[in-house]
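Novice: Take a look at the following structure, please.
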Amino acid sequence: MQTVIKNGMVYQNGRLLHADVLIEDQKIKAIGTDLTGDKVIDATGKLVSPGLVDVHVHYRDPGQTYKEDIETGSKAAAHGGFTTVGAMPNVTPVPDTPDLMKKMVQENKQKGIVHIFQYGPITKNETTDELPDYAALKKAGAFALSNDGHGVQTAQTMYLAMQEAKKNDLIVAAHAQDDSLFNHGIVNEGEKAKELNLPPVTELAETTQIARDLLLAEKTGVHYHICHVSTKTSVELVRMAKACGINVTCEAAPHHLLLTEDDIPKDNGYYKMNPPLRSKEDQAALLVGLLDGTIDLIATDHAPHAKQEKQGGMQNAAFGITGSETAFSTLYTKFVKEDKVFTLEQLLSWLSDQPVKVFGLKKAGVLEPGCPADVAIFDLEHETELKEKDYQSKGINTPFTGQKIYGATVMTMVDGEVVYQRGEK
């Protein structure tokens, strides 16, 4: 059967065009005008995009499935228009052996409704100085390495890890955090920390590890990717490193682009995340970094928690914010429609083209004949409200609930099959 998506505004190769998209046998068959098919999806007035790509999600499965699981996490991704995600390895047990990695990859395929690429850990159990067998992990299905949630604390361990990753052509995706400087902090070091009387987090906890790792990356030649950069200094370090020819890429999270410490209304656990919300100066630097290419892509760091883990004050709340279901719409509404900081084409590139390019994901995030029919359709014209009852994730830990947005997902298709449709739970 042939399905045609008619009369949409199609994003393809960095540009927008009014066209139809023809799907057959799970693949894109053609993009053009006046196409016909057995089934017609009317996309008049809608954006038709490649399925978005999020290289940074936490699905808590196995080990903490009361927070999220593969099924609900992937449903949340589909609700947000994402058809490909990268799942972090901070689950229990950590997939640090070939058998555990094979099982994880198999579970992702069986339970997920989107394409899930699985990270392996940089170190065994993510918390030791012992390296797993990278070659075996890659053979078992690991597409990159990360200890996200934990910084690699010793330079020697990271140096050895980068050497081995380079040998095995694996990206090292780092959560840059020096624990001795982080020192159990909660809120960015500044006036808000004083106002709330909460332990501060110095930017040095992030920037000193980035500086260290950039030197190690230069020495080893590994592809070093930095997760959720959040400070002005971090952006400056990456900018200088790229100018020096170091093989470094990085991502920014939607919440660091949209919010600052000044947006924390009170001691509210929904605003507790790691890295913390930073200053307006840091936020401005992130936006400049995106626009000048220093920051390569946007990734959500989708980190769901049970409601009781985020209620009350920040002191005892878990770190993390969901993002899969709110990323595109909140970013589009704020920065494209309202403030006109960047274009729709740029936003779509950071959420599709660029993640694919940086991580070498074949045939994901692109609308081309012969490619998998992974498609997202968004409504840019009508205002809607973000409501808890609509979330597919088990986690509702986002401060964006109640916000009026444009760009709600109308439909998401994976391999030509509808995996999300607005109005259907």
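Glycine too: its Cβ is placed from the backbone N, Cα and C atoms.
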Novice: Which one of D148, D169, D390 goes with H56, H58, D301 at the Zn(2+) 1 site, as TrEMBL has it?
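Specialist: Answer, per TrEMBL (Zn(2+) 1 site with H56, H58, D301), from D148, D169, D390: D148.
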Novice: Among N125, N274, indicate the single residue that TrEMBL lists for the substrate site containing H58, Y59, R60, N90, H305, F319, G320.
Specialist: N274
Novice: Calculate the distance in Å between the alpha carbons (Cα) of N90 (substrate binding site) and H175 (Zn(2+) 2 binding site), and round it to a whole number.
Specialist: 12
Novice: Summarise the domain 'Amidohydrolase 3' (326-420) as counts of helix, strand and coil residues per DSSP.
Specialist: 31 helix, 21 strand, 43 coil
Novice: Want to know which recorded positions, from H56, D148, H175, D301, are within 10 Å of G320 (substrate binding site) at Cα; which are they?
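Specialist: Those close enough are D301.
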Novice: Work through the recorded positions one by one (H175, N274, D301, H305, F319) and name whichever has its CA nearest to the CA of H58 (Zn(2+) 1 binding site).
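Specialist: Considering only the listed recorded positions, the nearest one is D301.
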